[in-house]
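Per TrEMBL, domain 'ABC transmembrane type-1' is recorded for B:91-280. Per TrEMBL, the feature transmembrane segment maps to B:31-52, B:95-119, B:126-151, B:157-180, B:212-235, B:260-283.
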Amino acid sequence: MVGHVARCVGQLAVALLGIVTVAFFLMRAIPGDPALYMLGDFATTEALAALRARLGLDLPVWQQYGVFLLRAVQGDLGTSVVTGEPALREILASVPPSAALAVAGMAIAVVFGVPLGIIAAVRQGSAVDVGVMLLALGGISFPVFWVGIVAILTFSHALGLFPALGATSEPGFWKGLHHLALPALVLGLSVAAYIARLTRSAMLEVLGQDHIRVARAMGVPERRIVWKLALRNALIPVLAVIGVTFAWSLGNAILVEAVFSRPGLGSTILKAILARDYQLVQAGVLVLAAAVVLLNTALDLLYATIDPRLRQR
Amino acid sequence: MSATFEDIDAAAEAATRRRATLRRYARHPGFMIGAAGILLLLLVAILAPWIAPHSPTQTDLMNTLAPASSTYWLGTDQFGRCVASRLIHGAQVSLLVGFFVVLISLSAGTIIGAVAGYAGGWLERALVAVIDILLAFPSFLLALALVAARGNTLDSIILAVAIAYTPRVAAVMRSVVLTIRPRPFIEASRAIGLTPWTIVLRHVIPNALPPVIVVATVSAATAILAEAGLSFLGLGVQPPTPTWGNVIAEGQTAITTNPLISLSAGLCIAFTVVVLNLLGDGLRDTLDPQMRRNTGKLL
């Protein structure tokens with residue numbers, strides 16, 4: 001087990017180095033001069049040169065990369081070109097509302113998606129299966145921002161159940177939850193559709209295996225076969241599904257935040273893109289990719305506790 | 001050279017097999033609905049200038065936010081432009097994005113995945129590491145950052161979305177190639193002295209294509225959703241050129257007075273994505289029945 005943990009941590013380090021490298025070179029591909037953006041069109045050449053030197057933009061790219069990597073290890077991802085604040089601090093400040101949305105959304109997605117996928121697989125070919133799969137097809141086909149608009153029209157304007165804005169400045173847990181509910185539901189249901197489809201196929205694969213056939217032949221009750229034997233074996237693929245959909249749901253979360261005018265990572269990155277605040281975009285992309293990598297490492301460790309065979313490899 | 005009996009037999013057998021394959025496609029309702037839907041969309045996109053009742057950019061300032069009527073089938077937007085005409089023309093952008101994203105990510109992903117899967121050793125490890133790193137970036141975010149980097153012209157949007165989705169195709173291709181590599185016909189090709197490139201191009205890729213084609217069809221759907229998302233955020237193809245995404249975004253400002261604008265544009269996107277998914281599911285079932293259960297995990 002110790003070896004497995006060490007291997008996972010090692011892979012995590014390599015993956016983090018990889019995303020830092022990719023993010024660095026990706027953002028360098030952006031045309032335009034950040035110094036010019038920061039100081040405006042009327043800046044003097046001396047002021048521009050001084051700022052470029054301060055941001056390290058006058059160095060060769062490889063040297064810039066070295067400096068960037070060294071600083072990144074120390075938790076310094078540069079300074080926002082627009083506000084002059086440390087980019088990482090600004091990004092981390094917008095993490096809580098996004099994390100709340102992502103966690104609430106994923107919780108809704110898992111609560112709806114996994115059981116629906118299992119039921120559809122167990123009743124393969126029945127009306128229930130067809131119904132669930134049609135719903136899921138609809139869920140992955142309607143753009144999430146459009147579903148958000150329809151939800152606002154229905155639940156805010158017509159029924160008045162939830163506020164149209166996805167956030168509030170008023171204090172109070174319940175107030176915040178009331179504003180979070182609709183965006184989380186929209187995000188959650190779009191991801192639930194995806195999870196249901198994938199859970200169904202994972203479960204079908206397990207249900208077709210020999211040990212299930214043997215259990216059936218021996219007269220083990222169907223309920224026990226599904227919930228004890230099959231589900232336990234389908235757990236790893238289902239967890240993997242949750243890992244895969246997490247990265248995907250972060251993309252959807254950006255759109256959901258935009259529809260509900262909710263502050264968060266998505267809106268911070270979007271504003272940074274429009275302002276060409278490349279240090280901030282870079283920090284945001286890095287933090288999101290790091291979140292995906294961290295979650296996948298956590299899942300890898302979880303697999304090993306579920307399936308002892310994985311620990312020995 | 002005259003045809004031998006074996007040749008004639010082989011030709012007859014091939015023809016029978018082809019007929020059986022066609023029957024299998026025709027019997028799959030999802031595939032038929034998907035194929036018909038795509039055909040319909042293609043016709044709409046190609047014939048847009050002739051079937052659209054108005055020009056998509058022509059404004060009628062006396063008739064802004066007009067309700068649906070016989071002149072304006074789906075009403076007008078805040079500039080008095082015909083919504084139906086904008087949606088009909090919008091099909092062009094969506095289908096172009098879907099087509100070219102698939103073309104680029106399929107070609108690049110197939111080659112990268114096939115090389116990684118077939119080469120093995122350090123080349124495979126290096127390529128897998130790069131693919132894994134790229135997969136850690138949420139595709140939509142990656143596309144967003146790339147569009148920000150390259151500007152929001154149609155070709156840079158296509159390239160950005162294609163780059164974001166290529167690692168996915170490459171990952172699927174590699175996993176399929178890994179199952180093909182140990183098969184006898186590959187060993188035989190090596191034994192008769194074919195070069196690795198010839199083996200990959202002539203024998204590995206053609207045999208690995210079916211699952212990749214399925215992934216590509218579904219990628220077209222996700223690419224269309226991604227383009228709509230970028231347009232919605234104002235980072236896609238800019239108005240007045242109509243795209244379904246920017247029609248939704250522009251309609252959002254008039255959502256309470258004329259909800260038909262955003263609603264109808266969303267239905268267009270959903271219809272396209274549904275038919276592409278049906279086509280993908282149909283292809284998966286007919287190309288390789290064994291994959292029916294497994295490909296779900298790959299997507």
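One-based numbering along the chain as shown.
A Cβ is built for glycine as well, from the same backbone N, Cα and C atoms used for every other residue.
What TrEMBL says about a protein is an automatic prediction, not a curated fact.
In this chain, the transmembrane segment (B:95-119) lies in contact with the transmembrane segment (B:212-235); the count of Cβ pairs under 8 Å, excluding pairs fewer than 6 apart in sequence, is at least 3. Among the listed stretches B:126-151, B:157-180, B:260-283, the one sharing the most Cβ pairs under 8 Å with the transmembrane segment (B:31-52) is B:260-283.
Same-chain residues lying 6 or more positions outside the transmembrane segment (B:157-180) and placing a CB less than 8 Å from one of its CB atoms are 96-97, 100-101, 104-106, 108-110, 112-114, 116-118, 124, 127-128, 130-131, 134-135, 137, 139-140, 142-143, 146-147, 149-150, 186, 204, 207-208, 211-212, 215-216, 219, 222-223, 226-227, 230, 236-237, 298. Here the transmembrane segment (B:260-283) has long-range neighbours at 25, 28, 30-38, 41, 67-68, 74-75, 77, 83-84, 87, 90-91, 94-95, 98, 210, 213-214, 217-218, 220-221, 224-225, 228, 244-245, 247-248, 250-252, 254, meaning same-chain residues at least 6 beyond its ends whose C-beta is under 8 angstroms from one of its own.
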